[in-house]
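S.K.: Sending over a structure as structure tokens; questions will come in a sec.
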Amino acid sequence: MLQKISQSISLCNGDQFKPLIYLAGAPTNFISSPLSGKKKSSSLRIKRIQQLQSTLEDRINPPLVCGTVSPRLSVPDHILKPLYVESSKVPEISSELQIPDSIGIVKMKKACELAARVLDYAGTLVRPFVTTDEIDKAVHQMVIEFGAYPSPLGYGGFPKSVCTSVNECMFHGIPDSRPLQNGDIINIDVAVYLDGYHGDTSKTFLCGDVNGSLKQLVKVTEECLEKGISVCKDGASFKQIGKIISEHAAKYGYNMERFIGHGVGTVLHSEPLIYLHSNYDYELEYMIEGQTFTLEPILTIGTTEFVTWPDKWTIVTADGGPAAQFEHTILITTTGAEILTISS
């Protein structure tokens, strides 16, 4: 799950923006500096623009609009709830690294496996005419049946148990009465709180007959996540993640959203804040055995500029271009990384 934006956004200098708060997991208290590094080749830029134009021209579905949001669902009293549920304020990001002990790792794995199972189930519901509200209700019911709490519910006032982000929605989509349509893509972001630990994962699903350009965007985004995980191990630099993800996205002319992954464990969002774009100059940090965190790249065909809807959660691309995202929670080992959010 991603972190709520709580500051206004100013768009400037083409496709650059300078938010005071970054979203993918945790806020930072600085204004971004201009992008640096090598620019994409003109051929890739032209290809990307042409692909976006073609995608929008071939689009059979209208732009995303807000539907009706149903009342918040209840959770049985016996289910353990995160502390933030009692407050509408977005929790502070914990500065404590998430390094569970042996008992904690067992609990963490159970939470992550449940999140993965719930996500797999949610994916089976993706088809034309199903509403995202129906998906939310199904996810909510499955989570509480397993004695867990749906982590998004009540996080900073978020009204639903899952995030459903369709087409140009980059993240934080609130489930509502809008039915899915043939040709849509939808990211479903599931996080659960079980026995004191959070598991966090997401995937972009295809709804019906999806055109080739969207299929490729989804495929490359998933590959970016896999490549990011492939460089993770004890002692590795976090900067390697952004470098390999950005390089793979650039090969296809996609824009890499400049948001961040985060530590996860007994709290939903903690240090380290993991930049998934190679152009950030920040203090060098290294991974530690036993550490748990998420990686969650977001790719767009067009701009990474975005617009926040009046609900203060839903984030859509400014040009209406599609976006895709994938996310896993991983555990750092001496030789690599164990993906925890995989269902057995």
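Just so you know, glycine gets a Cβ as well, placed from its N, Cα and C.
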S.K.: Report the candidate from Glu168, Glu226, Glu327 that shares the divalent metal cation 2 site with Asp200, His262, Glu296, as recorded in Swiss-Prot.
M.R.: Glu327
S.K.: What does Swiss-Prot list, out of Asp184, Asp189, Asp311, as binding the same divalent metal cation 1 as Asp200, Glu327?
M.R.: Asp189
S.K.: Out of His172, His262, which of these binding-site residues shows the lowest number of other CB atoms within 10 Å of its CB?
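M.R.: Comparing Cβ neighbour counts within 10 Å for the binding-site residues His172, His262 gives His172.
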S.K.: Taking the Cα atoms as reference points, how far is Glu327 (divalent metal cation 1 binding site) from Glu296 (divalent metal cation 2 binding site) in Å?
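M.R.: Answer for this pair: 4 Å between alpha carbons.
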S.K.: Just to be sure I understand the packing, how many Cβ atoms besides its own are within 10 Å of the Cβ of Asp200 (divalent metal cation 1 binding site)?
M.R.: 31
S.K.: According to DSSP, folded down to helix, strand and coil, what is Glu296 (divalent metal cation 2 binding site)?
M.R.: coil
